[in-house]
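Participant: What follows is a single structure, and I will ask about it in a moment.
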Ligand code: UDP
């Protein structure tokens with residue numbers, strides 16, 4: 001299985017709940033390594049740019065409002081099959097539909113305040129990592 005990198009964001013709801021460490025434990029328990037990380041307050045422009053693919057969707061404004069409502073913890077995860085592994089750890093977008101034991105089932109309140117983001121493809125992982133981290137600030141280990 002290939003070693004991949006994926007972008008993960010712990011969203012404002014989960015940062016506010018003080019569960020960064022519990023979520024990091026899940027990444028580490030699955031063999032994913034944190035190879036870059038920063039706590040950041042996104043600007044509207046940064047949040048809009050990050051979610052530009054959803055610009056025409058009805059929930060776009062609410063999504064941006066939510067993403068700038070408080071600090072987020074942004075990290076690059078590295079490991080075997082990291083993109084799908086992280087998606088599996090996260091669970092379904094709607095926490096009501098997320099499998100028991102997933103991050104969203106355990107920490108998310110609703111489809112809009114859903115605790116975490118994770119890249120959904122190799123192509124998007126590359127774009128999303130570059131959006132937040134210069135290559136020189138990502139440290140494989
Ligand atoms: N979202 C929302 N309402 C919806 C669908 C999505 O607020 O009806 C938000 C939600 O925060 C989700 C994000 O938009 O995580 C991106 O949606 P996507 O379908 O890409 O889900 P994800 O990849 O995050 O599971």
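Including glycine, each Cβ sits where the backbone N, Cα and C put it.
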Participant: Determine which of 114, 124 appears in TrEMBL for the same ATP site as 11, 59, 87, 93, 104.
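Facilitator: Of 114, 124, 114 joins 11, 59, 87, 93, 104 in the ATP site that TrEMBL records.
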Participant: In which DSSP state, out of helix, strand and coil, do we find residue 87 (ATP binding site)?
Facilitator: helix
Participant: Taking only C-alpha atoms and a 10 A limit, tell me which of 11, 59, 87, 93 are near residue 117 (active site, pros-phosphohistidine intermediate). These are the binding-site residues.
Facilitator: 11, 87, 93
Participant: Mind giving me a neighbour count for residue 59 (ATP binding site)? Other Cβ atoms within 10 Å of its Cβ, every protein chain shown.
Facilitator: 12
Participant: If you count CB neighbours within 10 Å, which one among the binding-site residues 93, 114 has the smallest count?
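Facilitator: Least crowded of the binding-site residues 93, 114, by Cβ count within 10 Å, is 93.
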